[in-house]
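The ATP binding site annotation in TrEMBL covers 137, 138, 139, 140, 141, 142, 143, 144. Feature annotation from TrEMBL assigns domain 'FtsK' to 114-314.
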Ligand SMILES: Nc1ncnc2c1ncn2[C@@H]1O[C@H](COP(=O)(O)OP(=O)(O)OP(=O)(O)O)[C@@H](O)[C@H]1O
């Protein structure tokens, strides 16, 4: 009989916990020395020497900074294609809506494998598999970078008429993405705010609620289900996928009226998933004082980056292991309640944040002129 370990929200098979503990105590190097060669590779770990070990797209010859030779830098890419190839596909193919976002690598020690970490906001095949995403992490743990990687993927994969983003960005961490056409709705209204006043939050909520209502009105007879959006695209009605991002939710905790509006908004967005409306929330805090329990409980996929013990417990229940405290490293709990170690990919290579931001801007300006 399989033993189970109870851990707060979830019940984990004992073998999963045992594997974690063995991996922590018995390194791959020791295993190799002792003749065991099938030990899974550790997740790529950013360090001073190698700050960008894992990136989203395969770096093509032209994408590589001129100062770096091909072999100098052992990048690992999540997507085996260059961004140019992905853009060419977007131009060439009849793309279907999809909110499966490749975000990094996920450890699957029980199968001795590392796989692509796919976050699925829509859940096309199975309603249980998709849903809102919550990213929790201390400052400098990689939350904004995770958002950048996801947005970079989506804007590379979809034209603006296929994907809109609406973003509340209190710390202006995603500023360099602000001017993208994907950030405007069908009425050419800019769906972007820092949310620093209640008026801005109200306007933002109104834009989203109007869009949701329009979707309801446009197809009253249609029973929206997980296949509907895809069927509509096939029939030539390209209703854009709409991604709502609320970054650093904890910043609103002292603003009662803004919190109420955001709570209602997230509720409506969560209910509109079948209509192609999706939600990502990030926060530094897990406590209900900073993140309403209604939102936390509805987020079926949770990512925890560098957290303290209390936060880990609030997010995942009691767990017997602690991920390494490196940027972009953490745990994911998927809608099936399983927990895995992950490493999030950087949107693109570069020795530090400034260099990467510059590359990202250049890439996106090139798109604009393409
Ligand atoms: N996946 C990653 N791989 C390598 N480096 C990363 C990764 N994610 C973040 N970093 C680096 O870690 C630093 C902090 O990242 P980021 O700004 O995304 O964190 P944050 O959690 O949003 O921080 P804050 O809460 O202070 O805004 C940056 O220098 C960034 O380049």
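Using N, Cα and C of the backbone, Cβ positions are placed for all residues, glycine too.
Automatic prediction, not curation, is the source of TrEMBL annotations.
Shown here: features listed in TrEMBL, placed on the structure.
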residue: 137; record: ATP binding site; contacts (Cβ under 8 Å, 6+ apart): 143, 282, 284, 303, 304, 305, 306, 307, 330
residue: 138; record: ATP binding site; contacts (Cβ under 8 Å, 6+ apart): 284, 305, 306, 307, 308
residue: 139; record: ATP binding site; contacts (Cβ under 8 Å, 6+ apart): 284
residue: 140; record: ATP binding site; contacts (Cβ under 8 Å, 6+ apart): 306, 327
residue: 141; record: ATP binding site; contacts (Cβ under 8 Å, 6+ apart): 305, 306, 327, 328, 330
residue: 142; record: ATP binding site; contacts (Cβ under 8 Å, 6+ apart): 305, 306, 327, 328, 329, 330, 344
residue: 144; record: ATP binding site; contacts (Cβ under 8 Å, 6+ apart): 171, 173, 174, 247, 282
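Among the binding-site residues 138, 140, 141, residues whose Cβ is positioned under 6 Å from ligand 1 are identified as 140, 141. Same-chain residues with CB within 8 A of the center of the 137, 138, 139, 140, 141, 142, 143, 144 CB atoms, the ATP site residues themselves not counted, are 284, 305, 306, 327.
All chains included, 26 other C-beta atoms sit within 10 angstroms of the C-beta of residue 143 (ATP binding site).
Mean pLDDT across the domain 'FtsK' (114-314) comes to 93 in this model. According to DSSP, residue 141 (ATP binding site) sits in a coil region rather than a helix or strand.
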